[in-house]
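Q: One structure, pasted below without further comment.
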């Protein structure tokens, strides 16, 4: 693999605001600087609207089949070869829940050893730049805008009648940036599924992982765990080691069958108790469920290092996939890992404590409830008013998720569409055009009704306990207004877009 001396690395521009008007360039005394806001506006124009998404779900098989060939054509236009991608020493991770957290742990561990890391994830919470990180930080507005227009102009010129959709474009942009910066390892999180996901254009990753499987995106991936597992295992590549988190028998059988057909060495990650840690650890991402992701990260890191011949101090390179001695530096990296919006606590000076978690599947919501219950005790908030700020999106069913929150003693639910403000700014990072306003409003009403029906005495619930607003900022203001007379604890969950909006409004979205 390529290990670049620090002095030869390309320096990233410092983060700076590049606000401008309709023109995509802002003139400075030295040169024209591409406008970040204009790049975001054009990017948002690539989002699929609600009608298109419905069509995609109906025609999913035909459209999935052409997804990867299209990606290869775009990459060819950008002069990015399969060899260029292979040289990024990619760690490719799919799964339903925990894949982002596992990737974050991997990135933190490898970065702690001086490697230049590239991390591509989704979705973003506040700023779209969060999806493309180098050395643990989002790329600057300047770099994002410069590289955006490089990619956009080429693809617009050569594929004007067939522009890539939002996620696909960002994937191309991430590849472009990481190849240009010559990162030493790319941690690549799958978008949806795996088999037909545009990240699967990578031919030779160093190692693959499949985190916990659950029911999500069922209109695309299928209604059975075995069907979902088939898609997730689509990232397996011949002779490339792959790991999977413990799962059901039916899903495991599919993972094993796909591994055999692709000649893939496949291993189940061991429980965290199989490792010998140099000291007691508290992972930087809270929650007992994160230990499964820690185990996945440890296996991915060691397998990657073995494949690349990169020494990990205190960790013998080995093809053994059992637990191993975890040295102090690795414990530190696990604890220093940060992944906002997942099991996060935000306390304000306005008598409000927010528990935020982007859980949006049954298993993740159950884990969220267990984490929240533990934190309520730790924070000594058992006797304060508890509000649930909840919304779920796409084809997710509120009643299958919200029932897990019943033990928390919530006395009021607030729901809203995942738009930050009532009017949509198409140049804003938070703009979400994938669902119509009416659909989101209807889903918000379904959420509050599902909460009511989950209670033992739903007939006693008053209208004041069930509030629906037109946007996140209105819901946030309503919640904050109640803090004038009492202490409040708010659980924000169901959607990462919702969590990101609250972090933005609370001033924690930087």
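Note that Cβ sites are derived from N, Cα and C of the backbone, with glycine treated the same way.
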Q: Per Swiss-Prot, which one of 84, 135, 320, 357 shares the ATP site with 98, 99, 100, 101, 342?
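A: Between 84, 135, 320, 357, Swiss-Prot records just one in the ATP site with 98, 99, 100, 101, 342, namely 357.
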Q: Taking 99, 217, 342 as the binding-site residues to compare, which has the smallest set of other Cβ atoms within 10 Å?
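A: Fewest other Cβ atoms within 10 Å, among the binding-site residues 99, 217, 342, is found for 217.
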Q: Same-chain residues six or more away whose CB lies under 8 A from the CB of residue 101 (ATP binding site)?
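A: Counting only residues 6 or more apart in sequence, the Cβ neighbours of residue 101 (ATP binding site) under 8 Å are 285, 290, 293, 339, 342.
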Q: Show, in sequence order, which residues other than 98, 99, 100, 101, 342, 357 on the same chain lie with their Cβ within 8 Å of the centre of the Cβ atoms of the ATP site.
A: 97, 102, 104, 285, 290, 293, 339, 358, 364
Q: Give me the Cα-Cα distance between residue 357 (ATP binding site) and residue 189 (Mg(2+) 1 binding site), rounded to a whole Å.
A: 19
Q: Tell me which of the binding-site residues 189, 357 sits in the most Cβ-dense spot, judged by other Cβ atoms within 10 Å.
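A: Compared across 189, 357, the most Cβ atoms within 10 Å surround 357.
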